[in-house]
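Everything below concerns the one structure shown next.
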């Protein structure tokens, strides 16, 4: 989760900082706006009377007090000149409303009248132009000023820095006759915000030599953000020591920035130490620390900290919930996700927030489409993320027809799809073999919806064509792509070659993948499977040797199932389960009954040049088979079984589980690295197309 609080941004502009000390009168806080010029009321009458009496200045101030900027400028246009007080009131109202065109009219009136204004009013004009994004006008005012103060320099530099005009900002910064904390913070935070943390750190070193400047918490937070971006732990620790010496180590914002720096630099224990010492922790601080644990793979500690947050009295926000639910989705922790859902319902949360879409995503990833649908229907007005989550959920759970139907409902609702939505739509077509329909949707991305194609869109269509054996069209599309094919696209080609036994294209796709990610064992294994299916054992041996040379190790297949809120994990060859003998006996019985129903082991992809009997033995104890057998043993008859696997399930296991679902009269859901498979009464939701 991206950090919510941007510590390195200055909280006020240099102009706003000088308001309380300026010698000129300033505009008072406006009263609530009232209806004006709708009828001959007393306020209208007052303004008309003042104008008749040539008291235009008073009329303008009266209008400014009621935030009637347009009418005030109309009165201003009737007179040749006005007082500094009137211009001050008008400019202050322009600043509050960030009104660019009215500011230009007031500015032009000032120039025509040749009025003598103080520096603060010119600074205010610069500030308005900067906040409205009109840096050219701001610079013109700055250059035309007969006299400038420190606020003038800071305002224009801050404007350039916030808009990413860092070169212009730095040139002016280097020309400054004097600098203060705001000057340094503005330029340093600009470098951090726009991805130049090294320049920020270099400027910080220069600043440390300026004895006239004493760092404040805003400057420190900017430098800490730069250290975090460059993962410069040594520099971060130096700043930490400087913070302690300055005596600002009790500030909550500084502590949060320190914790963020340590977390992003990989020193999570130090970040937790800083977090624990923070006395006044708000929900943003809690959420950021929880998220750091999750990003570093320490999910148990992240969940524990979330539990501490609930006990602390602080109320989680939608960012907290979304982060927790996304982790539940990644690790398929539906039971925990349900508990979070229950807590959200008890305390009440915004149905239209992205936490609701995170709920849908979590249930879809855990294979519970029934609840995902209920959450979706419960949202008053689903946002695009909610639509997309369910569209993808249907596609991944073997219901492509529902996915495409929901996409049409999205269009009917007036919601505009984005490129992620189309990835789900194209995936649905891929998983159901709807080649022509998929191509139709692909063409509509640009022609009908005005979106740019992404490499993900091309990967989906190439996957669709390759799975269907239309390799010439797939290769044509790859050649016409405006971007370079990525690993996912070539992996799709390789998977299609495995289905159809296309050895030549498989070799080319594998060679492309070896260049992109030579350490990925999946490429070697898939290519070996293709050669093994073709009986080319010499080629299989070469691939195995290449893996040894490159020190590539195949990721072991791992499956797990959750029974009564406890997760049981299985690996092929693992003997740690106390009921292993019972599991093996049940598997032998299931193999026997499945054979009677017509099951024939699929040994084509077993990577050993051995007899068929030995090949069958090698297939018998794949991890998903062990997990399913265990779940059958420990759950009542008829109970649905849900198993997750870290790799794509093999053809033999897929065929075997179909027969098992019929033999034991169970619904068996398997989530592999590709998608969900719902096995029931001898068939699979993927229709053997995955």
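If you go along the chain as it appears here, the first residue is 1 and each next one adds 1.
Including glycine, each Cβ sits where the backbone N, Cα and C put it.
These come from TrEMBL:
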DOMAIN    598-690  domain 'DYW'
REPEAT    118-148  repeat 'PPR'
REPEAT    149-183  repeat 'PPR'
REPEAT    251-281  repeat 'PPR'
REPEAT    282-316  repeat 'PPR'
REPEAT    383-417  repeat 'PPR'
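Nonlocal intrachain contacts for the repeat 'PPR' (282-316), taken as residues 6+ away from its ends with a CB within less than 8 angstroms of a stretch CB, comprise 1, 3-5, 252, 255-256, 259-260, 263-264, 266, 268, 271-272, 275, 323-324, 327, 331, 336, 343, 347. Long-range contacts of the repeat 'PPR' (149-183) within its own chain (CB-CB distance under 8 A, at least 6 residues past either end) are made by residues 10, 13-15, 17-18, 119-120, 122-123, 126-127, 129-131, 133, 135, 138-139, 142, 189-191, 193-194, 196, 199, 210, 212-216, 218-219. Per-residue pLDDT, averaged over the domain 'DYW' (598-690), rounds to 83. The repeat 'PPR' (149-183): residue composition by secondary structure is 26 helix, 0 strand, 9 coil, according to DSSP.
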